[in-house]
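Take a look at the structure set out below.
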Amino acid sequence: MYDLAIMWDWIAFSVRWLHLITAMAWIGASFYFIALDLGLRKAPNMPAGAHGEEWQVHGGGFYHIQKYLVAPENMPEHLIWHKWQSYITWVSGAAMLMIVYWVGGELYLLDPTKAELSLWQGILISGGSLTIGWLAYDFMCKSKLSEQPTLLMLLLFVILVVMSWGYNQIFTGRAALLHLGAFTATIMTANVFFQIMPNQRIVVADLKAGRTPDAKYGKIAKVRSTHNNYLTLPVVFLMLSNHYPLAFGTQYAWIIASLIFLTGVTIRHYFNTMHSTGKGPNWTWGVTVVLMIVIAWLSTVRTGETWEEAEARPLTAYEEKFASAASFEDAYDTVVGNCSMCHAREPVWDGMLWAPKGVYLETKGDVARHASEIYLHAGVSHAMPPPNAVQMDLEARATIIDWVREVRTGG
């Protein structure tokens, strides 16, 4: 029975939940330590070797925090390493990428109007781009460019812009922004796993042994940590973008994503400066507002496939499988009659400018492509359509269920 789709959807939900929880922990820890490090102050009577200290109050208690650049006189047995949040965030995110964009690649990953790719070709590009992109970035950081941090940051931005453009040439708009987020998150987690943590272990081992650590390890970790700091806000935007067609439903989505990286830099620069000096540069907010205005304008410029073009386009093998079912015509009429007032290239619902989540349900190809989603949201559950929009009866929902189960069971 195709109700296995329900279990699969719950698995996807659970992995997404885990991803969100660990991302919150990772980003929260990152912001906390950046603010803590920039807020350290010298104080009289600090212990030998202490670099700075900070007093904090939270939850009715006071916290006295001291930072050491060398090992303290009494090295604690219990030392907390902040790494697992990053690792699990990436692992759960990679699992989500596979669940949504690899298993569901015919629907979410491939866009036949952009590139004629097989599912396996799309998956190879998806996974390969993350690996090759990290290797290119890592090579760049290990080159002489590391001696010019500003130039290195600019070149990182160029790489991100190129990847943004590239993804948008072959994948759906939704998949393109999500992959750019995955690419960025891969850089961030790989920085922690391959550079920051190994170098930190070397430094800790040297300090415990009474040796003076080589300054290069701290320098390398600082560069990578700085990159992660400025990439955090854009990667959160990209992870959320698949819920907002305004972000991905335009040919200029790659420019929107590129500008989001600049927006993240201006916002983080304000807070980094504020934590360091006590006052942030207000000009950063002016730049941020201007960038967001440009982004909002670009999101309204749409030259996507028209209804006539979509109707004339040949069905893919995946679409043909669902469209050739004996019960398809009844299901198609049911979906169009109940859903197309909103899920249209030009929605007729009052005040709605774009189809929810960028999902169109007008042509036979549209309905066949989204069969699994329709089954889950309008068949076995009553999530769609909204009850204040259409009163879809049980008979209509049964028509959808029978259609999809006919295809899945070969009946």
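Even glycines carry a Cβ here, placed using N, Cα and C.
Annotated features in TrEMBL:
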- 6-299: domain 'Urate oxidase N-terminal' (DOMAIN)
- 17-36: transmembrane segment (TRANSMEM)
- 87-105: transmembrane segment (TRANSMEM)
- 117-137: transmembrane segment (TRANSMEM)
- 149-167: transmembrane segment (TRANSMEM)
- 173-194: transmembrane segment (TRANSMEM)
- 252-271: transmembrane segment (TRANSMEM)
- 283-300: transmembrane segment (TRANSMEM)
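Within the same chain, residues 8, 11-12, 15-16, 18-19, 22-23, 25-26, 119, 122-123, 126, 175, 178-179, 182, 185-186, 189, 192-193, 239, 372 sit at least 6 positions outside the transmembrane segment (87-105) and bring their C-beta atoms closer than 8 Å to a C-beta of that stretch.
Looking just at the domain 'Urate oxidase N-terminal' (6-299), the mean pLDDT is 93. Within its own chain, the transmembrane segment (283-300) has Cβ neighbours under 8 Å at 246-247, 249-250, 252, 255-256, 259-260, 262-263, 266-267, 269-270, counting only residues six or more beyond its boundaries. Comparing 17-36, 149-167, 252-271 for CB pairs under 8 angstroms to the transmembrane segment (117-137), the maximum falls on 149-167. Same-chain residues lying 6+ beyond the ends of the transmembrane segment (252-271) with a Cβ under 8 Å from its Cβ atoms: 35, 157, 160-161, 164-165, 167-168, 173, 176-177, 180, 229-234, 237-238, 241, 280-282, 284-285, 287-288, 291-292, 294-295, 298-299, 301. Listed by sequence, the residues of this chain that lie at least six past the ends of the transmembrane segment (17-36) yet keep a Cβ under 8 A from its Cβ atoms are 54, 65, 82, 85-86, 88-89, 92-93, 95-96, 228-229, 232, 236, 239, 271-272, 275.
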